[in-house]
Amino acid sequence: MSTLNYINSFAPAKINLGLRILEKRKDGYHELRTLMAPISIGDKIEIELLPKGIEFETTGDFDVPKDSSNLALKAALLFLSHYKLKIGLRIKLTKIIPPGAGLGGGSSDAAAVLTSLKTLLSIEDSMDNLFRLAAQLGSDVPFFLFRKPALCTGRGEILNSVALPLPYPTQGLLIYPGFPVSTPWAYKTYAEFRQKGLISSSLTHEIDQPLNDLEEPVFSKYLWLPTVKNWLQNQFDPALCLMSGSGSSIFALFDKEDPLFMKKVIQHAQAHLGSDCWIRSFTILERF
Ligand SMILES: C[C@@](CO)(OP(=O)(O)O)[C@H](O)COP(=O)(O)OP(=O)(O)OC[C@H]1O[C@@H](n2ccc(N)nc2=O)[C@H](O)[C@@H]1O
Ligand SMILES: Nc1ncnc2c1ncn2[C@@H]1O[C@H](COP(=O)(O)OP(=O)(O)O)[C@@H](O)[C@H]1O
């Protein structure tokens, strides 16, 4: 057992630099090909060992569930039961990543809890087993244990290293419109659209094109999102502009590595898109 009794960690958001859906699988999930990258915006997770009992507290910019439906607490309970540990914990989550934004906040929190507990409790087990626990918590959770950009396949849990630097610039603007989009709803609507022959992009373009196949179903219901995307493209001519994951956030990447330019872009976007929009600049992390 280590002598540590407290650990704090950074749980970054991710963006999907393209998300292509290959097919619907027999288990209900969709077979994916998505390039994911961690970014410089993230939550904070603090864990303290206690003699007994589990205390869970959340604070920060956004409200998230305070019960065991919270992925951070769920990850801790799964870890303790998997390793048959009778220890108590105090977990404090500081929420900075907007929830339901396609930024993987819940998944990142879960991965941060798994790695923190492995360190804090000096568990010598292999990382493969931690990856297996991560995949039980959600398709995106293993990516956050990988801690660097990856081409994710399968249902998202199979991680393939990508050549760095990425074929895209690393400085970007992130816009969360102030409302969430449900991931299960987005995939369900995509499947319905595809069944009715309403999907235009899927499989008709090269699979490695930087497109997000979930944009079509999500944009058909949330009309503000294509408006924001078109506005960003017309105003700033970014190198890449996409919805992240199942939405609701939209990001743009810029060739210019100039803080003054980003400041102007943020001011301009804030003035035009209104105060409901949460607008931040970020950089892609090549490792965290
Ligand atoms: C869309 C993506 C893109 O990175 O991210 P988010 O927008 O959620 O951040 C992911 O595929 C989300 O991953 P994650 O949020 O971990 O999803 P899960 O909890 O595993 O699954 C939630 C639900 O989404 C659907 N789902 C998820 C992954 C997948 N490959 N196919 C699916 O059809 C299933 O209906 C599943 O029940
Ligand atoms: N730690 C957490 N952070 C954010 N959301 C969480 C968390 N735990 C559970 N949730 C639930 O998961 C939903 C999706 O959140 P999140 O993982 O941030 O979004 P996304 O799947 O769009 O990336 C939220 O609406 C919330 O109810």
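The chain as shown is numbered from 1 upward.
Here the Cβ of each residue, glycine as well, is placed from N, Cα and C on the backbone.
Annotation for LYS14 (active site): same-chain Cβ neighbours under 8 Å, separated by at least 6 residues, are MET36, ALA37, PRO38, ILE39, LEU103, GLY104, SER108, ASP140, PHE143, PHE144, SER244, GLY245. Taken from TrEMBL, the feature active site applies to LYS14 (among others).
The feature domain 'GHMP kinase N-terminal' is assigned by TrEMBL to 70-146. For the domain 'GHMP kinase N-terminal' (70-146), the number of residues in each DSSP class (helix H, G, I; strand E, B; coil) is 45 helix, 8 strand, 24 coil.
According to TrEMBL, the feature ATP binding site maps to PRO98, PRO99, GLY100, ALA101, GLY102, LEU103, GLY104, GLY105, GLY106, SER107, SER108. Cβ neighbour count for PRO98 (ATP binding site): 23 (other Cβ atoms within 10 Å of its Cβ, all protein chains included).
Neighbour density for ASP140 (active site): within 10 A of its CB lie 28 other CB atoms from the protein chains shown. Under the heading active site, TrEMBL lists ASP140 (among others).
On the 0 to 100 pLDDT scale, the domain 'GHMP kinase C-terminal' (211-258) averages 96 in this prediction. Per TrEMBL, domain 'GHMP kinase C-terminal' is recorded for 211-258.
Long-range C-beta contacts of GLY106 (ATP binding site), restricted to its own chain and to partners at least six residues apart, with a cutoff below 8 Å, comprise VAL64, ASN70, LEU71, ALA72, PRO99, GLY138.
Across the domain 'GHMP kinase C-terminal' (211-258), the DSSP tally of helix, strand and coil residues reads 20 helix, 10 strand, 18 coil. Ligand 2 lies within reach of none of the recorded positions PRO98, SER108, ASP140, judged by a C-beta closer than 6 angstroms to any of its atoms. Less than 8 angstroms from the CB of GLY100 (ATP binding site) sit PHE179, PRO180, VAL181, SER182, THR183, SER248, each of them six or more residues away in the same chain. Taking Cβ-Cβ distances under 8 Å and a sequence gap of 6 or more within the same chain, the neighbours of GLY102 (ATP binding site) are ASN16, VAL181, THR183, MET243, SER244, GLY245, SER246, GLY247, SER248, SER249. Listed recorded positions: LYS14, PRO98, GLY100, GLY106, SER108. Those with a CB atom under 6 Å from ligand 1: none.
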